[in-house]
């Protein structure tokens with residue numbers, strides 16, 4: 001079955017207009033655009049019993065023709081109006097009375113899906129049966145309780161009548177005991193008043209001691225305040241910071257002097273090591289120079305020997321030549337000269353021996369040793385120059401560090417002088433003595449802070465605002481206590497004994513009071529028993545007659561007990577059936593409600609047929625009753641219920657949504673359009689009337705094959 005199109009003839013502005021319909025058809029436009037007219041045409045086409053009548057029941061000359069594919073689909077007008085025509089946006093819910101609310105739930109939620117009439121009748125019938133059985137059970141319990149009460153009363157009356165003489169003797173004994181208790185109570189009360197007076201006097205003594213302690217404490221607080229004021233002058237924050245700054249400066253100068261002294265010692269130690277190294281190098285230089293002088297001297301002697309040999313040889317030659325002169329004088333002189341030259345040559349040859357040969361052989365090595373000694377001598381001289389420069393540099397550094405040490409020593413003396421002057425100003429000889437004074441100041445301040453709470457509370461209690469006024473007030477109270485005191489002050493042990501005696505008397509008096517009250521009650525009871533003896537027999541006969549009547553009533557109720565099992569079974573079956581029907585409704589309503597709200601899982605609970613038995617989860621995940629939901633959430637719930645109820649029909653047909661989204665916000669309108677997929681997929685045909693443009697856009701997105709009719713144009 002499918003409605004392919006409709007033709008409107010004589011419908012107001014639509015004198016003869018055809019609209020093509022699809023699985024989803026949207027008629028949109030502003031108010032007065034003709035949406036209600038097209039909706040009336042669908043009513044006339046589908047709902048039997050509404051021909052030639054508009055939605056307001058007015059007659060008119062009009063006709064609507066439908067183009068059906070397959071078998072036509074028609075339903076009664078009341079069923080179409082209550083189930084398939086959904087106008088939740090225009091339904092005004094009246095929660096003012098429970099009857100109207102229940103009627104609305106029945107019409108809006110259960111129309112078309114459940115045989116509500118039969119279900120209500122069965123539930124009411126079962127309720128009446130079970131209610132009657134419940135009343136009978138309650139009556140049986142009441143009869144049994146009353147019967148037990150009557151039996152107890154009968155026993156009491158019988159006992160009372162049997163002990164009349166005993167009661168009379170007991171009454172006389174109780175009256176005598178009552179007089180004795182009164183005399184004993186008067187003695188105990190007199191003793192209590194005496195002990196209370198003594199205890200009150202000791203309390204005055206205790207208050208006097210507390211006032212004296214408080215006066216001493218206030219005086220001590222005043223002394224502490226004076227001490228704090230005196231010490232604050234020399235131990236205040238500013239003065240103490242100045243002293244700490246001077247002490248830090250003096251410590252820094254002392255540390256600088258110590259450091260520079262250590263540095264001077266280190267520099268002197270380095271200088272001594274450098275001087276020792278320089279002395280060693282000078283010793284090596286002197287050894288090298290001595291060896292060099294020996295070598296130079298040997299070379300000179302070698303050269304002188306050569307010249308002496310040459311001279312000796314020349315002398316020999318001259319002597320030989322002169323020996324050939326005529327005369328003995330020339331010969332003698334020549335011989336002498338020749339002998340002298342020979343002696344010189346021999347001596348030189350003797351001295352050097354075969355040195356000529358060794359010299360010729362080792363001349364090269366001698367030159368090498370000479371060159372090596374000369375090079376080593378140059379290295380030693382350079383090393384000597386380096387150490388001499390190092391000694392000079394270290395000497396200058398030692399002099400600079402000693403000058404810095406002297407300057408630091410001067411600054412230390414200046415800082416120490418200023419620190420001593422500051423200590424003299426604050427009245428201390430040493431820094432440790434001033435530290436002890438500061439510690440004493442802090443201890444005194446802590447003592448004052450510890451007493452501030454007590455002083456403040458004492459001022460609040462006395463209404464005073466200064467220590468002087470508080471001291472005067474305490475002294476005045478102390479003098480008043482001394483004037484009021486008459487007796488002697490007891491020790492703490494004696495006070496404890498006095499309080500214990502008072503406590504023992506209190507317990508004795510309480511015991512006497514309890515016994516006195518008990519005796520009074522017994523006397524009143526016994527007098528009542530004696531006064532009511534004449535009426536006891538009549539009351540006993542009346543109670544026995546009532547017991548017989550209760551026995552007969554209990555027998556009658558026990559005879560009617562057999563129908564309870566059958567009624568219980570019927571009621572349990574009805575409850576199971578109702579639970580199953582309710583579960584089916586919830587399973588159909590919940591998917592639509594979740595799709596419309598778009599908030600994930602939203603539980604729906606259905607317990608009874610009243611509004612208080614229907615609950616739905618709101619956006620915060622809290623189950624609420626329908627009247628407690630917001631307008632938008634309630635509209636979403638009702639729309640989901642109507643869609644679910646329409647889906648219950650066995651044969652898919654046409655669902656008309658006439659401004660059904662009016663109470664929903666844009667996001668829920670989108671969810672409602674998406675929820676229509678469930679109906680379209682099952683073969684339902686949707687006709688949607690709306691004035692919201694966003695609904696048209698969502699329908700275009702969700703249903704590409706939807707038919708969109710803009711009723712705002714000219715369709716005449």
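Cβ atoms here come from the backbone N, Cα and C positions, even for glycine.
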Which listed span TrEMBL calls transmembrane segment, if the choices are 286-305, 306-325, 366-385, 386-405: 306-325
Per TrEMBL record, range annotated coiled coil [choices 140-198, 199-257, 435-493]: 140-198
Averaged pLDDT score, the domain 'Rad50/SbcC-type AAA' (6-216): 68
